[in-house]
Amino acid sequence: MDSSKIALLLVLSSELLRAAAALHDDDDTLTLPRLQGGQHEAVWDTSNMGEGVLIGVLDDGIDAGHPSFGDEGMPPPPARDFTRHLRRPGTAPRAGTHGTHASSVAAGAFVRRVGGGAGSTPGTAPVVVVSGVAPRAHLAFYQVCAGAARGCSRGSVVHAVEAALADGVDVLSLSLGDDDGLGFHEDPVAAATFSAVMRGVFVCAAAGNKGPTPGSVANDAPWILTVGASSQQGTPRSATIPAFSSRGPSRNNGGVLKPDIVGPGVDILAAVPRSARGPSFASLSGTSMAAPHLSGVAALIKSAHPTWSPAAIKSAIMTTADASLMDETGTPTSYFAMGAGLVDAAKAIDPGLVYDTSPEEYIPYLCGLGYTDEQVNRIIYPAPAVHCAEMENTEAKDLDTPSIMVALTEDGQAVTVRRTVTNVGPARSVYRVDVSAPDGVSITVVPGELQFDEVNQKASFVVTMERAPGSALESEILGAQLAWVSEEHVVSSPVSIISEYS
């Protein structure tokens, strides 16, 4: 791949994408893109459908006149220099299929369509309502790609992030990325998104479509919510992880679990550029479709909790996820495929506790990865320059994230990690630990109970994991779970255990 280019992360080839544009008028396939489990009413009532939040989408173009981006009934946009739902500096962006689809998944307005197709009886076709996850959020669009075949310019992506920060976006949604595993210091997009997080902007990006190959995950910086794809949950079937969704472990981050989460990314119905017959919709698949689902969920949480940091929003999404997923073969999947699990928006609005990592905590972590001062300062610019030798470096396992990933050796040597949680639930609450561990591994948590007397109070705990000397483990990669349980909340963390690093 051209080192100056990054790719749009959808499964369809460019030829199939063009074919989709020709076929998307089949109304028989129209269904409402859903929050998982039909959670619309509870989530939208709490968050006012994302009102007041501005989502910045970086992609290949958008059909600005599509009714999914109409402003009927919308409040004024929360920033200047915007028209309709989107930013249109100078000239209007091209009508890209990929960007139109991704944008409408995140924040498309309600569009009522009469279903039915050839052969349907007049007057009997059902009315179908299509919307995005956060239909009252505003949308700022930044054209950075020339289409699925030609990819996206790194320079354009960096400049678009800078423009989005100047425009005051709250959430950045990137259904694009580099599958080649560049180090953070070589990837200007990693640096640009670090600047966004430093400014309090939540960043959501697609994990890539090179699964099920291990280590294929893209957009793996720990300050990004890295999103894999799942099927949509049907009753009574559980959701599954499709083979195309990229897998961990990360090649760059030294031991932070990736992907972070999965969202619906298979046969997702959303807007595509209008045809001669009028507003058009199509079902597309890929982590490109999953990422804007999570961008929309992040907007809902931000609307309900305007003061929450990007890390708090990320934690809320991860610690409330559904981990009972299967892979493409029908067997229980691993954390390297699903991250913390399938997003549950209703629970994420009210998580109880959050792991609220500050952006500054990533700096000693970057030093701990072995980057030079010059490389670290390139990543964190325009933050003040640092000298790694003057600070205590942070191991990846000790970064205060909602997930835990450790390596256990055969000699039984214990590994200890420390975490801190913040109470965002009832002021007076008590949480007790509940741990599930695989055979041959012991996990101890001290203290085993956390008591809170006020909102935003913090509490720390230590987790010690060890492998029984000489024990034979079921596999080289094992999963455990740590949960803090109160009367009202269950705050779960995935624990990935590697018997040894290769």
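Cβ atoms here come from the backbone N, Cα and C positions, even for glycine.
The feature region 'Disordered', as given by TrEMBL for the ranges 24-49, 232-257, sits at 232-257. Secondary structure of the domain 'Subtilisin-like protease fibronectin type-III' (398-497), assigned with DSSP and counted as helix (H, G, I), strand (E, B) and coil, comes to 1 helix, 58 strand, 41 coil. In the shown protein chains, 28 other C-beta atoms lie within 10 A of the C-beta of D59 (active site, charge relay system).
Tertiary proximity for the region 'Disordered' (232-257) is limited to same-chain residues at least six positions away from its ends with a CB under 8 Å from its CB atoms, namely 11, 34, 36-37, 179, 181-184, 207-218, 220-222, 264-268, 285-287, 290, 322, 324-328, 330, 333, 335-339, 342, 368-369, 395-397, 399, 401, 403-407, 494, 496, 498. Residue counts of the region 'Disordered' (232-257) by helix, strand and coil are 0 helix, 1 strand, 25 coil (DSSP-based). Separation of the C-alpha atoms of D59 (active site, charge relay system) and H98 (active site, charge relay system): 7 Å, rounded to the nearest whole number.
Comparing the active-site residues H98, S288 on other C-beta atoms within 10 angstroms of each C-beta gives the minimum for H98. Here the domain 'Peptidase S8/S53' (50-340) has a mean pLDDT of 87 out of 100.
If you take the Cα of S288 (active site, charge relay system) and the Cα of H98 (active site, charge relay system), they are about 8 angstrom apart, rounded to a whole number.
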